[in-house]
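Okay, structure first, notes after.
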Amino acid sequence: MGSKPLATTELKPNVEHIQSHYDRSNDFFRLWLDPTMTYSCAYFEREDMTLEEAQMAKVDLALGKLGLRPGMTLLDIGCGWGSTMRRAIEKYDVNVIGLTLSENQVAHNQQKFAEMDSPRRKEVRLQGWEQFDEPVDRIVSLGAFEHFADGIGRFDRYTDFFKMCYNVLPDDGVMLLHTIVVPSEEEAKQRNLQVTMSLMRFINFILTEIFPGAGCR
């Protein structure tokens, strides 16, 4: 493998925003998440699916695109409460490394990993992607990219994020990124999208309550 470029800037994880949101308490999130505690968009293949079924359908769809093989190492960036990692271990017999800035999520994942009987490496770290530099075979990131902007409408960090992913993957590596995007005013006009007050309130809710400190575009 040839040399790969380094990130352009010295970056620090956005710890304050993440912990102020995700470390409220696991009991709070259990009130409205599915039993697997999956905190991202679900995939309802059928109208009669439960939220848990739709979340697993989303996870399976994502993992199925990665070409995972037994013994590979999967990096889950913004791993949340770990449903994607546990599914990958169970279904594909891989090693996993999860990154999160939430202390509650680290503790939850450690407990869940301890309950599994797989001999594969199962690791969760209180660490941002900005600090990660180890080689892995595959990367998955579901619903975490929204947090990676600087929170004031700038997206310079995106370049560094993708450079990090490129650096740690092999030449035949695969990454799957799932995120939410919001069209700009100009893009909305080009697509004849109706911008309503209700839509603007919803977007503001997503950016302030669901993904605090986030940027979507």
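Each residue, glycine too, has its Cβ placed from N, Cα and C.
As given in TrEMBL:
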- 39-40, 74-82, 100-105, 129-130: S-adenosyl-L-methionine binding site (BINDING)
Where N104 (S-adenosyl-L-methionine binding site) sits in the secondary structure, as DSSP reduces it to three classes: helix
Coarse DSSP state, helix versus strand versus coil, of G78 (S-adenosyl-L-methionine binding site): coil
Proximal but sequence-remote residues of the same chain as L75 (S-adenosyl-L-methionine binding site) (Cβ under 8 Å, at least 6 apart): V96, I97, G98, L99, F132, V136, R138, I139, V140, V168
